Structure formats: structure tokens, C-alpha cells
């Protein structure tokens, strides 16, 4: 970590380089100076900070230019505030152990206030200067350097350029966790030789022939050697999602989604689509973690950002880099609940919960007597990852959810992974189609209006969105436009 206080002491030694950059009229430098001059920041204050950021970013301008040079402006004002504090009395400082975090993407001050009971730290968001109608004003912004708290392999910042929304309250987790009663039996002994590739070495995708783990995808790997989802597999999954009636389904005798908890009876099962799975290699396989058939297990690799949208959709997720078609983005992570636990949780909760559950129903119809502890769902309301911020978009979303088999060969439990459906440009929002039927009055998602902005929006009766923005609740289901009646009862 580099202290911003070192910027002022290094100004003289860098003057020659600064002058050279100005003399050469570097276009990128001039654009940065144009922005800071709008805020009445003199060049002699901008240049040393800019050089330090470039050094820290390895000469990469992407983060510096992000959001109209927000990182640069933040850094300049951080240096100013630090200099003022060093000149003044230390009695005015609140808290202890003042630290300056100078990440090129998100610069802010952190006051660590240690508590005897929790040892927690409190982050104080710094004021951010901006222009409004030509006038220089300061506006509060929510800015968190890494919402994952170091639990992912990449940092994922959170920003609110609108400055009107509180940071959402939830516990970030990188892996699914069992809430209470869900039956999840993960055991190497339960994985037979036919369900693993014990004789493989290194990278399975480099072998002459596909291994046993490729059996689920018709004897071919679903991934390319570049780590992307193959186009043919991706297109088939998309067709199944858009035209589910054209593909086989299985039907439950007593479907958990059609259960009336008050009467103890079951309605008719509408069928569960037999989805295409990807089976990844796992611990009993002979390959290593760099195997090309372990894409989802390696976790998030893309540069992502949680941000507050300006289209009435609340918080959203966007990419900070260009992404090719078939790129793995993240899993949908949450608590593993039984269908009954989900029903009870929704009955007890308020109507402003932030997420909807993921129903893991791909194998329900194959069971003669499906036990409640085997009818599982994922709920990211209290604990989850960045997927809880992904907004819905009708018909033309740029991501799709794919079921992934990893730890267990049965389909009571599996992973949900998101892949891009097309090339996605940096700063574009990442979206996926929840398959909501807005004409279904009993559907729980009907509680909010669709603001996706798609020309093919299925909620045509609602135009625009006004009033206070709320974080939208998310849902994905293996069924065609079906929601849990247990959830909808709570919403009535």
C-alpha cells in the first residue's frame, strides 16, 4: 500500500518527467487536466497525483479515466485533506489509526475504530467534488473499495454516483452455505469411478480425448481452451430458455412449488425442464485446479463493479472490461434452504426483501417421493455475492444462467453460473432474463414494475418508473415463467 503523503515529497524529483509529459502534449494527460481544470484544480497539484496513479496502475489509464476521472479527483482531494491534517493539531482527529487507501479505482479514507467485542472497522466515505449546472459542488458518494472483503480473487468495488442510496446490508459470502435443514451430502465416497476422471493429469482439455467428466455434455467439453463457453452449447441453452415447450420436461407427483401449506395439499405440477448441465472436474479427478474443465470453481476473474443505476432499477452490476461471448461472470451464491424454510422465511419477512430465491428444481421430477430437505433453493437476501445485484432484462439480456455439477452427482444440489450471451463492452450493465410472466397476477415478481428498458419488455403496461428507487428482488427458475405459490401468498 502506498501512502498518498508520499506524493508531496516526490514532486520535485518528478518535475522533469511532468514537464516532459506536458511538452509532448500527451493526449491522455491533456484530457485529464481538462477535467481537473473544470474543478479549478491547478496543474501543479494534478500532475504529481496523476503520475503516482499511473505508476500504481502500471501505466493503465482504464481506472483513472473511469467515471470521468473520479479516481484522479478523489486522490487529489485526499492529498489536500491529508496535508491539512498534518499541518493542524492532532486533537481534531476522530478515531484511531488513520489509513489512506490509494487503490487507483477507489481512493478513500478509512478510520479504524476498534471495539473490544467485535474488532470491527468503520469506513467514513469522503465527499466527492462534482460539477452541477456549471457550478462546483460537493456530493456524497457511497464508495467501497472491495465489497467482497477480500473473499474473491479480484476486488469488486461499489459506487453510487447518484449519492442517494444507502449501501445495502447483507453478508458477502463466496460460496453457498446451508441455512439449517437442507440435506447436502458431499462425499468423495459417493462419487463413483464413472463420475470422475481419476487417471487424468494436468489439463483435461489438452488430452487427445475428452475424459469421463465430458459425458454430461455429449462427450465434448462445454468450455474452449480459452475458458469460454462453446457457442453451440450456449445457443442451445438459450433456445431452451426461450422455447421451453419445445424440450422435454419431468413432472412431480407432489410438486413442492404447488404445495398449499395451509391445507397440506398439492396442486398440479407444471413440469420441470430437463436442463443441460455442465459437469466440472473435482477433487477425485486426477487433473489440477488449472484444468480447463474447472472454470466455475476458480471463481470470479472479471473486473466487476456494483453501482447504483440511474434508470430506476436500484443497484446493478457492470463490467469494467470488454468481455467476449461465453465468459463466466459469477455464480449465484446464497443460503441453501428447503422449500419449507423458504416459505417460512417469506412469511416472517417484510415486503421489501432484496432478492428472490433460486429454485434448484432440475431433478425434482425424477424422484418418486421428494423429501422437503431435498427440495432446495438458494436465497441471497441475508447472505450472498455480487449476483444479488444483477438486474432483470426482458428477452435481450446479455447473460444466461447455466446449472453446474461439481461436488455431487445427484441433482438435489448444484451450482448456478452466469455466462455472457454476446460480447459485452466495458461499463455495460450485466443483466439476465428472470423469465417473469408479468401477466401472471399470482407471480411474486409482479410486486415491482419492470424498468429494464428493453424494446421487447414484457411489462408493456408500465411505462417508466418514478418515486424512490429500491433494490430489485431477483429470481431464476428452471421452469418456464413459474414462481413459488408459497412466496406469492406472502405478497398478496
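Placement of Cβ uses the backbone N, Cα and C atoms for every residue, glycine included.
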Handout entry: Among ranges 433-462, 463-492, whichever one Swiss-Prot labels region 'Disordered'
Key = 463-492
Problem - Residues flagged as region 'Disordered' in Swiss-Prot, choosing from 85-111, 112-138, 139-165 - result: 112-138
Handout entry: Same-site residue for Zn(2+) 2 (record: Swiss-Prot; known: 196, 281, 285; options: 213, 302)
Key = 213
Practice task
Determine the C-alpha span of the S-adenosyl-L-methionine site listed in the record, that is the greatest distance between any two of 313, 314, 315, 391, 392, 434, in Å to the nearest whole number.
Solution key: 16
Handout entry: Shortest C-alpha distance to residue 457 (Zn(2+) 4 binding site) - which of the binding-site residues 197, 291, 314, 315, 434
Key = 434
Problem - Neighbouring C-beta atoms (10 Å sphere around the C-beta of residue 452 (Zn(2+) 4 binding site)) - result: 24
Problem - C-alpha spacing of residue 287 (Zn(2+) 3 binding site) relative to residue 200 (Zn(2+) 1 binding site), in angstrom - result: 5
Practice task
Specify all same-chain residues, apart from the site residues 200, 281, 287, 291, whose Cβ lies within 8 angstroms of the center of the Cβ atoms of the Zn(2+) 3 site, ordered by sequence.
Solution key: 197, 201, 202, 203, 204, 211, 213, 285, 286, 288, 293, 294
Exercise for the section: Could you say whether, by DSSP, residue 196 (Zn(2+) 1 binding site) belongs to a helix, a strand or a coil region? Expected result: coil
Fill in the blank from the handout: In three-state DSSP terms, residue 204 (Zn(2+) 1 binding site) is classed as helix
